[in-house]
Structure formats: structure tokens, C-alpha cells
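Asks: Annotation source Swiss-Prot lists disulfide bond at C190-C204, citing similarity to another entry. Per Swiss-Prot, N-linked glycosylation site is recorded for N65, N134, N175, N201, and the stated evidence type is sequence analysis. Marked as region 'Disordered' by Swiss-Prot: 374-407. The signal peptide annotation in Swiss-Prot covers 1-18. The feature topological domain 'Extracellular' is assigned by Swiss-Prot to 19-274, 322-335, 502-508, with a curator's inference given as support. Here Swiss-Prot flags 296-301, 357-480 as topological domain 'Cytoplasmic', drawing on a curator's inference. Swiss-Prot lists 275-295, 302-321, 336-356, 481-501 with the feature transmembrane segment.
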Amino acid sequence: MQYLQFLSLVVLLLMCHARKSVYRRNSPSLRRLTRNYDWEVDEHGGLKPIINPAKVERATKNCANDSFILGTIMSNYNRHKIPGGQVDVEVEVWVQEITTISDITSDFQLDIYIYETWYDPALNYAFMNPCKYNLSLNSVLLEKLWTPNSCFINSKTADIHKSPFPNIFLMIYANGTVWTNYRLKLQGPCIMDLTKFPFDNVTCSLTFESFNYNTDEVKMDWSVNGVQKMRDKMELADYELVDIHKIRTTEEYPAGYWHELTMSFEFKRRAGWYILQAYLPTYLTICISWISFALGSKAIPARTMLGVNSLLAMTFQFGNIIRNLPRVSYVKAIDVWMLSCMTFVFCSLLELAWVGYLSREEEPTSAKCLQPSAQVAPKPCHPPPVQQNANNSSVHRRQKQPKNEEESALLSLRDNDYGYIPPGFGLNGNVANAMKSFSSSCSCEPTNVVNLMLDEAETIPTSTSSSLSRKQRREILAHKIDSVSVFMFPFLFVLFNIAYWQHYLRGY
């Protein structure tokens, strides 16, 4: 019997020790919650809680409600006093949406949730036996509490969403921890280097810091989560979000050192629109300009129309693209492409001008011959005898000395060794009179004299055959230029494409 009593005492001692161990392992808040429960030994020898309705009802009646807690802690609260002399603030950002990125103004817009957490011992209400161990409050009470007065120092605009009320969340835990949440619409700057546009990357950043307190009073740092996206994949029409970086730096100001929390967004431009609207049309325009090489040297008007229209179309395309870009002073990748393609079209026009110059028809110099009259019968003409000079083997005609200027002109016409008759010869009526006066020495009519001189001119060889061969050579040269251009222009354009795409797609 005594042995059984001894065993019962040992079991009771073990149960008491186990219950104390459970209380010791749990936090004070958990021990307060267990006041509403009874305990029993389970099949493994441990303790499990059993709800006691009487204890719950008694604890509910005696707990402090929200109004009592707020009235108590705010009665002696000083919002200008820094909690504990120095505060550690943890910041966490959740990106809800990135709406736009502007190339003209070099900025971006986004919606975020930003959380701030710090400890304020003056707001501790755990000792009041609260009914709730966290109080969810609105922005009205936040204006009465101490805050780190943090802001985005490099934002262009920052607005709190107010639909249907200010989107500010405040929670105060029983141990004095303050948790705030703001839903903001921000517009921040972007660093744009358009040298490789449209195959470039854009970096946008926002910097968050306490505006009033330096590191001696407020220390700011990222939380474990840092910056997170609310959606796995965020894409815009022109950009794709590549990565988000969080950075913590210490910056020196005249008033001391400040902690700055920077979140950097890296975007990659989507080049599909520019390929469809700029690159592919220019390929077609360049190919159209090459069609003129196959039309031949006789289709100068058609070739001119093709070249000019190609150049105008490319200029119009270039203007539509650059009007949506900032006016930068350096050369962009799209500038290199468009200007190079315009140069190819312009060179095809220069080739056309060269071919047109070579293939143009030169008008032969026509001589107006004096025709004999049909009513007057020609009389035989006996020209003066011709004497050969052995010294120079030239022909000298014996002739009467001219009496006046008209006869001198007529003699010059007769002695013309090249068979050339001036275009205006015979228009003056005095020449006919000179022929009549000159006919007495030749015993023939004036018309017969002219015919005689024309017959003599036909016996002299001309350059007709040489002029014809020169025209043929020019046409052959024009054809060769077109034949070479058909292969040279595409070959040079392919070389340009290889160099262009290899350079600008590197690192994209």
C-alpha cells in the first residue's frame, strides 16, 4: 500500500514539472492565452489544452478593449520624442504594377505597397490584458504617432491612393511594434542611353530615406523580403522587366549621414515594333531601288521615279520614328540604319545619273544646203584649172579676186575643205547677188557653183563612222555599269548588315 502511494506521488511531481516546462518554453503572450484553458495528460504523457468556457467568459469580460487601450497609451504620448533615442526601421516594398515608361521624359510610373516597421516602447499595452494583441487603425491615429518621416527623395511625383479613402494601414502590436502600409503611385527617373536604340536597356531607380533623421536617430534597412513583385511576370508594350535590385548606402550630408534604400528596376526594350515598322520596310525599299538596275539605260524616267519614291518613303519612315524619341545629340543605332539605307538609295540615284549621261543621244550638227531652182536649167560650169604644188601637195584654185564681202564669203564656202556650210548661209539676200556677180568668172549659174562645192565636199572623208562607234562604246559602258551595280549594291548591303547586327546585338 505504501508502495502505491509512493508511485502516485512521483507521478504528480512529474506532471507538475512537465507543465512548468511547457510554460517556460512558450512566450509570455502564449502563457496569457493558456489562462483560458485547462490541461490534461494525453496518451503520450504530455499535456494538452482543454477549453474551459467559464474561464473564457470571465477573461472576455475582464479584458481591455481597443478604446480603453488607445485612451491609456495616448494620454501621455509625445509624438515628437524619438522612441528609445534611436530607432531601427525595416522597409519592405511590394510592386503591384508598372504602368508606363516614357522615352521623351525619361521616367516611369508604378504602383507599390511600402511597409515600415519599428518599435515604440511607449505604445506597449501587453500588460493591460488586451482583448486583441494587435490593433488595426486608420490614418487619423497615424498623424498622432511618431513616424520616421521617410520619403522617396528622387521621385517626380508621389501620391497616396485615395479611392475610396486614403490607402494607409496602421497596426500596433501589444509589445509596441508599429507597422505601417502605404499604397502609392510613384513617378521616378530613368537612365536612358539610346546609343543602341532600339536594342538598349533602361535602368529606373527610386531612393527611400528618412527626411528628418540621420543615422544617429534613425537607422533604416531592408527587411528579409526587400523588394518583391506581386506578379511573376511584368511586361509593358515596349519593355520587359528583367530584374529588381535593392541597395543600401550611407550618404553624407551637411547635417550628418543618412541611410538610403534604393530599389533599381532594369528593363529591356522590346524591339519587335521597331523591326516591323522600321527595319522590314527599309529592306523592301532598298530592294525596290535595286529594280532600276534591271530596267536598262533607256528607261530613265521610270528609274528616276523608283529612286526618288524610295528615298521619300524612307525619309517619311525615319521621321515617324524619331518624333517619339528625345532629342539627343549623339547617334543612335536607328540613325545609323536609316541614314545608311538612305545613302544606298542616294547612291543608286547617282548611278542612274551616270548611266543617263552616258546613254543620252547627241544631236548631230545639220547643214542647210542651198537647193537649185527647178525652173532654171543648169548650165555647164567649167571651173578654173587646178595647179598642183609639189612643195606642199595642196590644192590651189585659180580664182578671181573678190570685189566685196559677199563674194569673199562665197569663195570661202567654195574653198572649205571640210564640207561645212554655215547654218545661216543664204539667208541674206546679198549673197545671191554676190553669186550672180561671181558667175561671170565661172561662166555658170550661182546654184551650180554651190552644187559644185558640195560635190567637192562629199569627196572629203568625215567623222561619221567614228561618231557612231563612240556612241556604241558609251552604251556598252552604261550597260556594264548597270551589270556591276546589280551585284555590287546587294553585296555591299549584306556586308553592312553583318557589321551592323553584330555590333548592336552584342549584349542585348
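Easy rule for this one: first residue shown is 1, then count along the chain.
Keep in mind that glycine also has a Cβ here, set from the backbone N, Cα and C atoms.
Computed from a predicted structure; not experimentally measured.
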Asks: Pick out which of the disulfide-bonded residues C190, C204 has the most other Cβ atoms within 10 Å of its own Cβ.
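Replies: Of C190, C204, the one with the most crowded Cβ is C204.
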Asks: Roughly how many angstrom lie between the C-alpha atoms of N134 (N-linked glycosylation site) and N201 (N-linked glycosylation site)?
Replies: 45
Asks: Restricting to the topological domain 'Extracellular' (502-508), what is the model's mean pLDDT?
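Replies: Mean per-residue confidence for the topological domain 'Extracellular' (502-508): 87 out of 100.
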Asks: Which residues of the same chain, at least 6 past either end of the transmembrane segment (302-321), have a Cβ under 8 Å from a Cβ in it?
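Replies: Tertiary neighbours of the transmembrane segment (302-321) are 274, 277-278, 281-282, 285-286, 288-289, 291-292, 295, 334, 338, 341-342, 345-346, 348-349, 352.
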Asks: Give the residue counts of the topological domain 'Extracellular' (322-335) per reduced DSSP state, in the order helix, strand, coil.
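Replies: In the topological domain 'Extracellular' (322-335), the DSSP-based counts are 4 helix, 0 strand, 10 coil.
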Asks: Compile a sequence-ordered list of residues in the same chain as N201 (N-linked glycosylation site), six or more apart from it, whose Cβ lies below 8 A from its Cβ; state 'none' when nothing qualifies.
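Replies: Counting only residues 6 or more apart in sequence, the Cβ neighbours of N201 (N-linked glycosylation site) under 8 Å are V242, E266, F267, K268, R269.
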Asks: Tell me which of the glycosylation sites N65, N134, N175 sits in the most Cβ-dense spot, judged by other Cβ atoms within 10 Å.
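Replies: By the 10 Å Cβ neighbour count, N175 comes out on top.
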Asks: Which one is it: of the recorded positions N65, C190, C204, whose Cα lies the shortest distance from the Cα of N175 (N-linked glycosylation site)?
Replies: N65
Asks: I need to check the long-range neighbours of the topological domain 'Extracellular' (322-335): which residues 6 or more away from its ends have a CB within less than 8 Å of a CB in the stretch?
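Replies: For the topological domain 'Extracellular' (322-335), the sequence-distant neighbours (Cβ-Cβ under 8 Å, at least 6 residues beyond its ends) are 103-104, 106, 192, 194-200, 274, 278, 500, 504.
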Asks: Provide, as an integer number of angstrom, the distance between the C-alpha atoms of C204 (disulfide bond) and N65 (N-linked glycosylation site).
Replies: 47
Asks: Of the residues in the topological domain 'Cytoplasmic' (296-301), how many are helix, strand and coil by DSSP?
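Replies: Residue counts in helix, strand and coil order: 2 helix, 0 strand, 4 coil.
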Asks: How does the topological domain 'Extracellular' (502-508) divide up by DSSP, counting helix, then strand, then coil residues?
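Replies: So the counts come to 3 helix, 0 strand, 4 coil.
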Asks: Determine, from DSSP, whether N175 (N-linked glycosylation site) sits in helix, strand or coil.
Replies: coil
Asks: Can you tell me which parts of the same chain pack against the topological domain 'Extracellular' (502-508), counting only residues 6+ beyond its ends and a CB-CB cutoff under 8 A?
Replies: 196, 199-200, 268, 333
